[in-house]
Amino acid sequence: MNKKVGREQQEQEARKRVTLKKKKGKDKDESERGTAKLLVALGGLLLAMWGYVLFGATVFVIIEKKEKSERKPATILEIKLVDTLEDIHLKHTAAVNTSEYRREVDKAMQQFKDEIVKQVESGELVTGGDENEWSYESSLLFSATLVTTVGYGNIAPVTSPGRLFTIAYSCVGIPLTLVCIAILGTIMARGFKALALFLFEDSVTEEGIAFIPIKVSAGVMFAYLFIGALLFRAVEPTWTFLEAFYFCFITLSTIGLGDFVYGEGRTTDSNFVVSVFYLMFGLSVLSMCFSLMQEQVTFLLHHYLSLLLRKAKQYWKF
């Protein structure tokens, strides 16, 4: 009788092992299929987003460069002022009344200042500080900062069509970018958690949930920033390594202060595409790292608070 019961228990345990093995295999297949679907969706979204950024850069160049070519150069106003001052001077050459002369000169200078302010505010005036501002490369970076919500603020559209297009472009581009970043972050987080199961035994809870140690997430984040600092230090000779590192962090965290702007003052740069790709991919990397660190901190807080509550209950019980 005991032998029969023992055999039945062994058979039940064997069936459980087989069932568990099948379940694990099924879960693995479903996970692989889910990851494959995410990869396909991510590939399509990346192509769509990159094409969208190129499209935006092209439109901004067409709108803003056309407007700039129609604007008045500052030299026209300067020549007009010189001519006015010459007329005043010739008019009062033989005159003794210097106060009248000064009044007319002051009036001409004030009119010149008012005209300068008026035309700069309306966007009709070309000044020396913004020549070649809307090159294709700078428009590419501007489009990327729009959809990623970084927004350096170093350049901005001055035309009504350009501003309207900015609103419409951002309304479509920002959600597209957020979805792309979320999917890419999910894929990378899955990969990191799978790696944690093999490398860090203490990162797996009793429920089988894997948490990436904060030191690993922070290490990945700073490694990516370090690589970016080397890249931008090479293409921006005037920057120090610390300034390049600072630029990468401020940009990838979407703070975007605008005190350092890549490519400022240059009209052409063959490294723009690589740099923009680094920045856009880096948003997913930092987003993933911050998310993993948040998960770990939340888990640790929950764990230690639960432990503290248990200790408190035991203390008050006695």
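Positions of Cβ are set from backbone N, Cα and C atoms, glycine also.
The compositional bias 'Basic and acidic residues' feature in TrEMBL is assigned to 1-16.
Broken down with DSSP, the domain 'Potassium channel' (132-189) shows 42 helix, 0 strand, 16 coil. The domain 'Potassium channel' annotation in TrEMBL covers 132-189 (among others).
The domain 'Potassium channel' feature in TrEMBL is assigned to 221-297 (among others).
TrEMBL lists 1-29 with the feature region 'Disordered'.
Annotated transmembrane segment per TrEMBL: 38-63 (among others), in sequence order. Away from its own ends, the transmembrane segment (38-63) comes close to residues 134-136, 139-140, 142-144, 146-147, 157, 159, 161-162, 165, 169, 172-173, 176-177, 179-180, 183-184, 186-187, 276, 280 of its chain (Cβ-Cβ under 8 Å, at least six residues beyond either end).
Sequence-distant neighbours of the transmembrane segment (167-189) (same chain, 6+ residues past either end, Cβ-Cβ under 8 Å): 35, 38-39, 41-42, 45-46, 48-49, 52-53, 56, 59, 143, 146-149, 280-281, 283-285, 287-288, 291-292. Residues or ranges marked as transmembrane segment in TrEMBL: 167-189 (among others).
Annotated transmembrane segment per TrEMBL: 209-232 (among others), in sequence order.
Sequence-distant neighbours of the transmembrane segment (244-263) (same chain, 6+ residues past either end, Cβ-Cβ under 8 Å): 137-138, 141, 145, 148-154, 225-226, 228-233, 235-236, 269, 272, 275, 279, 282-283, 285-286. Per TrEMBL, transmembrane segment is recorded for 244-263 (among others).
Same-chain residues lying 6+ beyond the ends of the transmembrane segment (275-293) with a Cβ under 8 Å from its Cβ atoms: 49, 53, 140-141, 144, 148, 150, 177, 180-181, 184-185, 188-189, 192, 211-212, 214, 217-218, 220-221, 224, 228, 231-232, 235, 248, 251-254, 262-263. Marked as transmembrane segment by TrEMBL: 275-293 (among others).
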Sequence-distant contacts of the transmembrane segment (209-232), meaning Cβ under 8 Å and at least 6 residues beyond its ends, amount to 192-194, 196-197, 200, 202-203, 239, 241, 244-245, 247-249, 252, 262, 274-275, 278, 282, 285-286, 289-290, 292-293, 295-297, 299
